[in-house]
Each structure stands twice: as structure tokens, then as C-alpha cells.
Amino acid sequence: MTDKPKLTIRLCGPRGFCAGVDRAIQIVVLALKKYGAPVYVRHEIVHNRYVVEGLQARGAIFVEELDEIPIEHRDQPVVFSAHGVPKSVPEDADAKNLFYLDATCPLVSKVHKQAMRHQRLGRHVILIGHSGHPEVIGTMGQLPEGTVSLIETVADAEAYQPEDPENLGFVTQTTLSVDDTAGIIAKLQERFPQLTAPAAESICYATTNRQEAVKEAAPGCDLFLIVGAPNSSNSKRLVEVAERSGARHSLLVQRAEEIDWDNLGELSVLGISAGASAPEIIVDEIIDAFSQRFDVTIDLAITTVETENFLVNRQIRDVELTAQDMAFVNGNH
Ligand code: 2E4
Ligand code: SF4
């Protein structure tokens, strides 16, 4: 007999690493193997401190801009993060004679292409997204200044005054709230019936699936923990989805040590999911921390199974990963 209080953990699936994150981390690990340290990475490869520190320990150096790469290291590779970069970044890398590997998620690149297609067909581009986020900076930076307008909210969609309302096309950031975005698009379509949608959905499969799983699991949860970082757009959206879908309270947590055990309130059902950049090893760490204090039963809340897999850049496909490398790349080490 245990005297610990009973706790049911509803563990969402899919959760954690998506195919784009897996690929981006693999690119840095493969580059380190093939070219040796240091490998520079422009911006956090994905928004997760554990991943960044793990790569630093292997010899990666993170910078925000290419200018930070010392001249004597300009023969070492630089990797662009999964969030994508404005066109000016590869141009600048070429001008500096740098060798770069682009780890932009293929689904972000797809949005870039859709934005360029709108523009080629004479449409002013509306980008729905969050100001200042690196993916938004990257997508806006595919097009000349003044040819993209950023819309963040329904209020922005209401106030927007385009020069040519008949010639508009939209794309979105890949990690937005599915429901909020639908509201913004509905408002834009109501005001501009000619507005052209992208040929394919911009919010990606991983964002959609993680939100759907949280939505299903949230009703009746006393607390919903989302493993993820405060600068991770997709993780923050999961916190909102949990609260809106019926969890009494939801929190973003980066590591088990952050949990404020004395202030969790009455707990009998706990939801757990993880953003696309959060490694599974941290989910395990958090479940272990609860198991030390509660008599835990795990209830899997799985809405779909993902099989997506993205190939890494041609130049590094010949490098082999050890089992330990693979465990790190998959978030299990
Ligand atoms: C690229 C695109 O965009 P977000 O802040 O959610 O990035 P994060 O690094 O947390 O997640 C991976 C990722 C990267 C998601 N979409
Ligand atoms: Fe790509 Fe979607 Fe993952 Fe972002 S969340 S890296 S767009 S698969």
C-alpha cells in the first residue's frame, strides 16, 4: 500500500519533437561530425535550452548574426535555424564566403514559396503571425519591403486598409493557434472577398496535431503542463489551447526543477504535452518528479500517429550517426 495521493496523468500524443525539429538538430550533429567543431548556428536551432546546451557541449557556437563569426573561423560551417531566415542572410553568407547549411523546416520553406507565388501573381501579401518572431522575420524577408503586411489579431484584420483590396493573398506562420487563425481569416475574407488563400495550409501538421491532442485531453484536467520554452510559439499556443478547452489551469514548464510543488492546488487529473522543440527526456523527468510525490497512473491520450520524416541537406547525407547521437537527435538523451 502506498500513502501517496492518486494522480492520473493524461499524456498527449503526438507531443514533442516534430520532423522539422528532428531534421534541424540532426543537421547540426552531422555537420559537427563531418566538419569538426566549431559549427556556428545562427539563432537557437530550435527554441529549447536543453537542446542548445547539448549542442554547445558537442562544439556548436550559437550567434544571432553572421557578423559574430570571427574571421579566422569563416571556413567553418554555419547552420541557419529551423525557423527560416530572410533572403538577405544567405546573400550575406555568400558575400562573406561562408559555407552554410540551411536547417529551415521544409514546411516553413513551403510558406516562403507560397508568399513569393502570391507576389509573382501581383498580389499584396498578408502574413498572419506574431511580430518579432524569427519565422515572421524570415517570411517577410522573402519579399521586398512594403509588399507584405503583418496581421496579428482580429482587430488588426478589422482595421487593415490595403491599397488594392482586390489583389490580396495570405499566408500564415506555421505555429499559430488553429482556432484564432480561422477567426482572423474569416474576418479578412468577410472584408476582402477576393482574398486568395495559399495553395496549401500554412499551419503545419505538427502544430495542428499537438493542438488537437491537447484539446481532446484538456476537459476535466486540474492542471495542464506544456513542456516548452517561453520563446517557443507553438508551445505557448498549447498552453492557450489547454485553458480554453477546459483545463482549470495550464503552465509552460522547461524543466522539472521549475515546478512549484507547494502551489499546484488540488490535483487528481494532470494533462501533459510538449511543444515541437521539447525533448522527450524532459517529459520523462517531469513524470518521474510527479511519480515521487503521487501514485501515478498514466492515461495515454493519442489522437493520431505521425510518420513524417524530412531528409537532411545533401552535403551531409553521407555521415553516420551513432546510437547515442540518434538518441540525442530524437530527444531521448
Ligand atoms: C520552426 C518552425 O516557431 P516556434 O517558436 O514554435 O519554434 P520552436 O523552436 O519552439 O519549435 C520548432 C519550430 C521551428 C517550429 N516551427
Ligand atoms: Fe516544421 Fe511544423 Fe515542426 Fe515547425 S512545428 S519545425 S513547421 S514541422
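Note that Cβ sites are derived from N, Cα and C of the backbone, with glycine treated the same way.
In the three-state DSSP assignment, the secondary structure recorded for Cys18 ([4Fe-4S] cluster binding site) is coil. Within 10 Å of the C-beta atom of Cys18 ([4Fe-4S] cluster binding site) sit 29 other C-beta atoms, taking all shown protein chains into account. Under the heading [4Fe-4S] cluster binding site, TrEMBL lists Cys18, Cys105, Cys204.
Residues annotated as dimethylallyl diphosphate binding site in TrEMBL: His47, His83, His133, Ser232, Ser233, Asn234, Ser277. Taking the Cβ of Asn234 (dimethylallyl diphosphate binding site) as centre and 10 Å as the limit, one finds 26 other Cβ atoms among all the protein chains shown. DSSP assigns Asn234 (dimethylallyl diphosphate binding site) to a helix.
Taken from TrEMBL, the feature isopentenyl diphosphate binding site covers His47, His83, His133, Ser232, Ser233, Asn234, Ser277. The Cβ of His47 (dimethylallyl diphosphate binding site) lies under 8 Å from the Cβ of Gly228, Ala229, Asn231, Ser232, Ser233, Ser235, Gly275, Ser277, each of which sits 6+ residues away along the same chain.
The (2E)-4-hydroxy-3-methylbut-2-enyl diphosphate binding site annotation in TrEMBL covers His47, His83, His133, Thr174, Ser232, Ser233, Asn234, Ser277. In this view, His83 (dimethylallyl diphosphate binding site) is surrounded by 28 other Cβ atoms within 10 Å of its Cβ, with every protein chain counted.
Marked as active site, proton donor by TrEMBL: Glu135. Contacts of Glu135 (active site, proton donor) defined by a Cβ separation under 8 A and a same-chain sequence distance of 6+ are given as His83, Gly84, Val108, Gly129, Gln173, Thr174, Thr175, Ser233, in order along the sequence.
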Candidates near ligand 1 among the recorded positions His83, Glu135, Thr174, Cys204, Ser232, Asn234, judged by a Cβ under 6 angstroms: His83, Glu135, Thr174, Ser232, Asn234
(2E)-4-hydroxy-3-methylbut-2-enyl diphosphate site shell beyond His47, His83, His133, Thr174, Ser232, Ser233, Asn234, Ser277, criterion: Cβ within 8 Å of Cβ centroid: Val46, Pro134, Glu135, Thr175, Asn231, Ser235, Gly275, Ala276
Nearest-integer angstrom distance between the alpha carbons (Cα) of Cys105 ([4Fe-4S] cluster binding site) and Asn234 (dimethylallyl diphosphate binding site): 14
Lowest local Cβ density (other Cβ within 10 Å) among binding-site residues: Thr174, Ser233, Ser277: Ser233
